[in-house]
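Copied over from TrEMBL:
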- Asp28, Glu215: Mg(2+) binding site (BINDING)
- Asp28: active site (ACT_SITE)
- 29-33, Arg41, His45, 73-75, Trp77, Arg79, Arg196, 202-204: substrate binding site (BINDING)
- Asn76: active site, proton acceptor (ACT_SITE)
Amino acid sequence: MPANRNAPSQNAAATTSAVPAHVAIIMDGNGRWAKQRGLPRLEGHRRGSRTVRAITTAAFELGVRYLTLYAFSAENWKRPQDEVGGLMRLLEFFLKQELKTLHKNKIRLRTIGRTDALPAPVRKQLAATIAATADHARGTLVLALNYGSRDEIADAANAYAAAVAAGREPAGGCTWETFARHLYTADIPDPDLVIRTSGETRVSNFLLMQSAYAEFIFTPVLWPDFTKEDFAAALETYARRERRFGLTSEQIKGKLEVRN
Ligand code: FPP
């Protein structure tokens with residue numbers, strides 16, 4: 001069973017560093033970007049996928065180790081069929097195009113979400129890209145695909161119950177640490193920073209449990225317009241924040257001891 005790497009450290013100050021290890025992004029505003037220009041929504045997604053490329057490169061250059069992108073939510077299936085189909089084709093194209101860059105930059109690809117429900121060509125391309133980049137260790141790009149936090153929690157509860165039945169987890173001994181071993185993100189640290197573009201200030205069923213102690217930055221910039229400078233500015237804002245994990249400012253600064 002993988003060791004749980006999600007648990008907040010007892011020494012909270014030790015977990016805080018200037019560059020967030022894990023940044024998660026709710027990429028929002030593609031549709032509005034297109035509408036403002038009288039273009040079809042899919043053109044907004046196409047421009048959004050260019051931003052994905054730029055921000056992925058920038059994030060790992062700036063020292064981020066994990067970048068999670070909310071690329072397709074469990075609720076997005078309800079969008080018009082041509083938009084869903086277009087997004088799937090865009091994803092497949094992106095994966096084909098990106099492989100070279102992922103190799104060059106030593107970035108591993110991962111997914112979270114119920115990817116079994118994705119169209120076969122996307123699943124095939126995902127499997128190939130994940131396998132081809134599995135040994136890269138400079139950073140991890142996590143695509144949230146057909147992802148919903150509530151689905152993830154339900155899936156984890158079922159997996160946990162099965163593990164108890166098989167004697168792999170203690171009956172009646174569920175803690176956050178043992179439960180988190182069954183989340184899609186079991187071997188991914190919790191996000192330190194969650195960014196949402198486009199001025200919306202919602203979490204939209206994204207990493208609800210994992211972002212319990214994350215910092216949030218909401219920017220009015222629409223995703224296709226979001227630049228590496230905007231991303232770097234978000235990291236600067238993050239670096240100025242004090243993460244207290246329930247402690248006092250004095251405890252975080254080491255002026256007061258932390259009681260156990
Ligand atoms: C939200 O904008 C965005 C999405 C639902 C999809 C995100 C997809 C991409 C950025 C491009 C494809 C992804 C990859 C990884 C290549 P919205 O359509 O809800 O915008 P709106 O709120 O302005 O309508």
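Here the Cβ of each residue, glycine as well, is placed from N, Cα and C on the backbone.
Given the structure is predicted, the values throughout are model-derived calculations rather than measurements.
Taking a Cβ distance under 6 Å to any atom of ligand 1 as the criterion, the recorded positions Ala74, Asn76, Trp77, Arg196, Val203, Glu215 reduce to Asn76.
Neighbours of Val203 (substrate binding site), defined as other CB atoms within 10 A of its CB across all chains, total 15.
Closest to Glu215 (Mg(2+) binding site) by Cα-Cα distance, out of the binding-site residues Gly29, Gly31, His45, Ala74, Trp77, is Gly29. Within the same chain, residues at least 6 positions away in sequence whose Cβ sits under 8 Å from that of the residue listed as 'active site, proton acceptor' are Val84, Leu87. By neighbour count, meaning other C-beta atoms within 10 Å, the densest spot among the binding-site residues Gly29, Gly31 is Gly29.
The number of other Cβ atoms within 10 Å of the Cβ belonging to Trp33 (substrate binding site), over all protein chains shown, comes to 25.
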